[in-house]
Amino acid sequence: MRNVFLIGPMGAGKSTIGRLLAKELRYPFKDSDREIEARTGADIPWIFDVEGETGFREREEAMIAELVQEQGIVLATGGGVVMREANRRALADNGLVVYLRTSVDQQLQRTSKDRQRPLLQTADPETVLRDLMARRDPLYREIAHLTIDTDQRGPRVVVNTIMAQLDKELS
Ligand SMILES: Nc1ncnc2c1ncn2[C@@H]1O[C@H](COP(=O)(O)OP(=O)(O)OP(=O)(O)O)[C@@H](O)[C@H]1O
Ligand SMILES: O=C(O)C1=C[C@@H](O)[C@@H](O)[C@H](O)C1
Ligand SMILES: [Mg+2]
């Protein structure tokens, strides 16, 4: 069974859509951010605070290397997973990579209520998101087997769109 790996920026809907897609496929759902928290025994803001972003990226790379060994899971990755080449290779080689695309305007709306994203705890999250998008969008595209725009589609419609594409991929 093939793994499905969801990539994309903060607020693209990887966790939300991943959970729904996994139900549809009857695959186990894993969320790399949650797995890192469980393994560390601390939440992501704590890890960034105490170990810095580099400490978090080390934990993330180790977790991705482990998770890609699974067979037949839906995995929601963290927004910055593509920054490391080892992660890009691990994902591209071990599953179908789906890029959930979204605009910075939508990201701002979807992330505004939540304080769990340390990179956005700044006076100017819009500039941060634009800068991250400029650097990461080419990397998401580099490894994506499928790209789905989520701006005009609610989570259920995104899942149906992925399911239709998966049927094509698997037939
Ligand atoms: N297609 C969509 N349309 C409207 N709202 C959405 C859509 N997808 C997700 N959302 C909402 O956006 C918010 C962020 O979604 P989610 O946490 O799934 O993003 P994420 O990609 O996992 O982000 P992160 O990389 O920070 O973990 C949630 O409140 C979710 O309900
Ligand atoms: O875009 C990012 O770099 C991040 C996204 C989140 O999923 C978490 O992995 C963390 O907050 C960092
Ligand atoms: Mg998430």
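Backbone N, Cα and C atoms are what each Cβ position is placed from, and that goes for glycine too.
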**Asked** Which of R84, R88, R153 does TrEMBL put in the same ATP site as G11, A12, G13, K14, S15, T16, R117?
**Response** R153
**Complete:** According to TrEMBL, D33, R57, G79 bind substrate, and the residue from R136, R141, R156 that belongs to that same site is R136
**Request:** Sequence order is fine: just name those binding-site residues in D33, R57, G79, R136 with a Cα within 10 angstroms of G11 (ATP binding site).
**Result:** G79
**Request:** Out of K14, R57, R117, R136, R153, give me whichever of these binding-site residues has the highest number of other Cβ atoms within 10 Å.
**Result:** K14
**Request:** Would you measure the largest Cα separation among D33, R57, G79, R136 for the substrate site and round it to whole Å?
**Result:** 18
**Item:** Distance-selected binding-site residues near ligand 3 (C-beta under 6 Å), from G11, A12, K14, S15, R117
**Value:** K14, S15
**Prompt:** Record lists G11, A12, G13, K14, S15, T16, R117, R153 as binding ATP; longest Cα-Cα distance in Å?
**Reply:** 23
